[in-house]
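Structure, as structure tokens:
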Amino acid sequence: MTQSVAPPVPPVAPEPTARSRRPSRGRPGWSVSVLLIALAVVGPVAAVLVDVANGELPDWPRNLGDMVVTTLLLMAGVGIGTLVLGCGLAWLVTACTFPLRNVMVWLLVLPLAMPAYILGFVFLSIFDAAGPVQQWLRSALGDFVEFSVATLPGCVIVMSLTLYPYVYLLARAAFAEQAPSTYDAARTLGAGRGRAFFRVLLPLARPSIAAGLALVMMEVLTDFATVQYFGVQTVSVGVYTVWKGSYDFGSAVQLAALVMLFAVAVLAGERLMRGRARFTQQGGHGRGLQPVRLSVGRGLLALLACLLALAGSFVVPVLQLVWWAVDHARGDGPPALDSGFAQAFSNSISIAVITSLTCVVLALVIGHAIRLGGGRWLRAAAQLTTFGYAVPGAVIGIGTLLLFDYLDRALEALGVPGGTGLLVTGSVVGILYAFVVRFVGPASQAVDASYQKVPVTLTQSALSLGAGPLRVLGRVHAPLVRSGVAVALVLVAIDAIKELPVVLMLRPFGFNTVSVWVYQLAKENLWGLAALPALVIVALAVVPVFILFRQVRTADTATRQRRSRGSL
Amino acid sequence: MRTSALLATGLTLAALSATAGCGLFGEDQPADLQVYSARHYGSEEVFKQFTKETGITVDFLGGDNSELLERIKAEGEDSPADVYMTVDAGNLWNAADQGLLQPIDSPTLDKAVPQQYRDSQDRWFGLVLRARTVLYNPDNVKESDLDPQDTYAGLADPKWKGRICMRDTSEAYTVSLVASLIDLYGRDKALDIVKGWVANDVDVMANDVLLIDAVDAGTCDVALVNHYYLARELEERPDLDVKLYWASQEGAGTHVNISGAGVVKTSDNKEQAQELIEWLATKGQDDMIAGNHEFPVNPSVQPDEVARSFGTFKPMPIDAEAYGALNAEAVDLLAEAGYK
């Protein structure tokens with residue numbers, strides 16, 4: 001299928017093989033770095049597995065089969081949901097002009113700022129049997145209207161709404177970056193718009209879409225809050241039920257290992273979807289995708305589609321939170337924000353910035369090392385680094401504790417008095433380490449998706465012209481994978497702001513983040529108090545989305561300028 | 001050039017975070033006592049009051065029970081924890097069972113905390129009580145419809161089909177209630193009861209406030225809730241169309257559970273840790289229940305007004321050891337019965 005689209009694409013660069021010359025052997029320094037990163041990522045999981053292997057192997061819970069089926073159904077549902085929403089909306093805003101399109105392009109990313117557990121709660125309070133919608137329906141239609149939305153389909157809807165931006169972002173980037181020349185060529189050769197989209201653009205964007213979808217699947221696999229709201233018993237819920245209900249850490253880890261197995265399957269699936277294809281961009285940008293001006297009616301329909309997605313995933317929950325916050329402020333309860341919250345706020349920002357910068361640097365190192373060549377083991381190591389994202393946060397948290405515990409004992413055995421002391425939970429070192437373990441994956445996915453589009457020949461030319469690897473990275477690759485880097489920064493920053501279990505587990509005394517703050521109130525159902533801080537999380541996560549939007553827009557403008565220059 | 005702009009932004013962010021980061025790594029003066037607590041509500045005010053009365057300063061770290069437990073274990077000798085506080089008798093039993101707590105010899109506590117609310121080896125002490133009981137909608141349910149002898153078991157009766165709502169299986173409230181049913185009736189009968197709930201299409205919800213809303217709206221006729229969630233909601237919305245019913249008053253009594261605390265084995269400040277727990281069980285009882293409407297364990301302390309308005313009731317005796325040991329079986333039983 002992909003081979004059939006080869007003609008419009010200028011020669012696809014060959015995969016570097018052991019026989020090809022210079023870049024193939026890799027650079028030891030870069031390769032070793034990747035190996036070290038992989039080791040660091042695998043460390044906590046390995047520590048947990050070792051710890052459990054030392055005990056007896058526990059029984060599997062009796063409803064394991066049900067949990068596996070539920071997990072698969074949820075993954076399939078959310079996969080389809082995010083694909084349709086993500087690709088559909090990305091195509092709509094890239095290929096068509098309609099009222100407010102330029103605003104929609106970035107507004108549609110906003111749901112990324114809405115933690116799924118908040119949307120889930122709001123969704124239930126509005127739509128469940130006791131909520132206002134069904135109450136109204138009952139008064140209008142009669143008492144027979146009474147159904148639960150805390151079901152698998154309800155969960156699929158909520159998760160699709162919060163997670164589609166992963167697919168949307170990467171698909172849009174791919175459409176915008178790749179579309180120009182190939183799409184034009186397909187159109188010139190007589191393909192209709194739909195045909196050019198489905199037969200040329202979509203296959204070309206496949207690596208990016210697959211990367212986005214893989215991120216979505218990881219989120220689905222490790223989520224435990226939203227699924228619990230909806231009574232959807234996935235394997236991850238099983239991990240918590242067994243751990244908390246039976247005090248059986250061993251069984252819980254055994255289930256967590258199963259979650260990781262799912263994740264490995266997802267990653268393998270992603271590789272399969274990418275296939276052997278390496279679509280790279282050659283030469284200059286073409287005339288670009290000429291957006292079609294839709295008729296008034298269709299334009300309004302397109303706008304309506306965007307607005308619906310946006311309303312369901314962002315506007316309605318924000319309004320509900322505002323309502324709760326105002327309601328609380330009118331009462332005589334304690335103020336929702338105080339100095340403790342201000343401290344939590346600055347902690348969240350610091351952690352998000354440090355984590356996202358670190359992850360992006362590591363992702364660049366990985367991407368660059370692969371580009372410089374190196375054998376199968378390098379690819380395997382690179383693959384391992386994406387693994388942390390698939391591990392439930394609590395498992396990484398425990399693994400980090402254990403790892404530092406081993407380190408502590410090893411140091412003491414070597415005669416270092418006090419060992420590491422309380423490094424891991426006495427400072428934020430533990431949190432930062434666990435965050436990098438967990439989030440280098442998405443950063444790597446995003447950067448890698450961009451790297452795929454940099455022609456290998458370009459790297460080879462730069463190297464053969466005598467530039468050192470670092471110079472090639474700085475002067476050639478970095479500018480070309482800019483959009484991937486921006487996406488990576490944003491994804492990691494937002495994830496770091498929202499992440500909960502790792503912080504809960506590893507934080508030093510008195511260390512709060514905004515998500516811990518909201519969680520502790522939400523856990524006690526104090527939504528009046530939690531609403532304003534929850535809005536702050538959303539606002540905080542909107543900032544990186546904004547930065548991303550600016551980046552995307554400047555890229556668009558640059559393309560447009562290039563286009564106009566070309567036409568002169 | 002855009003690259004340099006990006007680089008500049010990156011560097012600025014790095015510099016910013018480095019300055020902010022200083023605060024992250026800086027060590028504050030540690031307080032006298034370090035408390036790990038799985039109990040969040042209002043803890044800060046309680047400890048402030050303690051410091052005001054005794055001059056002993058307290059740092060407290062909130063978190064989930066299982067995570068805090070693993071953390072204390074992994075921190076080992078280095079653990080700064082002095083006091084461990086948690087909800088659920090099973091959790092307290094488990095912490096003691098894993099050897100994380102040390103026995104306290106305190107005549108004050110022996111007097112303040114009734115025997116059934118503390119560990120037989122004095123490694124932990126209950127501080128406040130919560131009751132999990134029936135809430136019903138008076139428009140759809142008459143009080144006489146409920147079984148005064150075995151209320152929880154009675155909800156398995158087919159007459160409740162499509163009318164009952166409860167919490168999910170991953171919630172400790174559900175697990176410990178089922179553990180107490182196993183303790184009371186044996187596994188077979190408990191399994192029949194839970195199967196009966198499932199056969200009645202029990203509507204499982206994600207939190208107690210949703211349950212209260214559902215009963216108020218009449219979409220559930222009967223639900224099992226913790227009394228203090230109702231107390232809290234009634235404070236905000238006094239006109240809720242719901243009534244509380246004390247379960248099993250002519251039988252074993254209403255299911256209750258405790259929040260409690262113990263001194264961590266590796267604590268290097270045992271005296272003051274003990275002083276804190278003693279204070280919480282005596283003078284601090286009013287502060288513990290303030291705002292959260294739980295029942296004090298200390299018989300000489302009165303519950304607050306809202307909790308008192310529910311009337312007095314007979315609690316089911318707590319057997320922490322049995323609950324703790326039966327929790328795993330309860331999880332298994334819930335799975336076997338197909339409870340979600």
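Using N, Cα and C of the backbone, Cβ positions are placed for all residues, glycine too.
Taken from TrEMBL, the feature signal peptide applies to B:1-20. The annotation Fe cation binding site is assigned in TrEMBL to B:His40, B:Tyr228, B:Tyr229.
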Within 10 angstroms of the C-beta of B:His40 (Fe cation binding site), the count of other C-beta atoms across all shown chains comes to 19
Across every protein chain in view, the count of C-beta atoms other than its own within 10 A of the C-beta of B:Tyr228 (Fe cation binding site) is 24
Chain A neighbours, filtered from binding-site residues B:His40, B:Tyr228, B:Tyr229, Cβ-Cβ distance under 8 Å:
B:His40, B:Tyr229
Per DSSP, B:Tyr229 (Fe cation binding site) is which: helix, strand or coil?
helix
May I ask which residues of the same chain, at least 6 positions away in sequence, place their Cβ under 8 angstroms from the Cβ of B:Tyr229 (Fe cation binding site)?
B:Asp208, B:Val209, B:Ile212
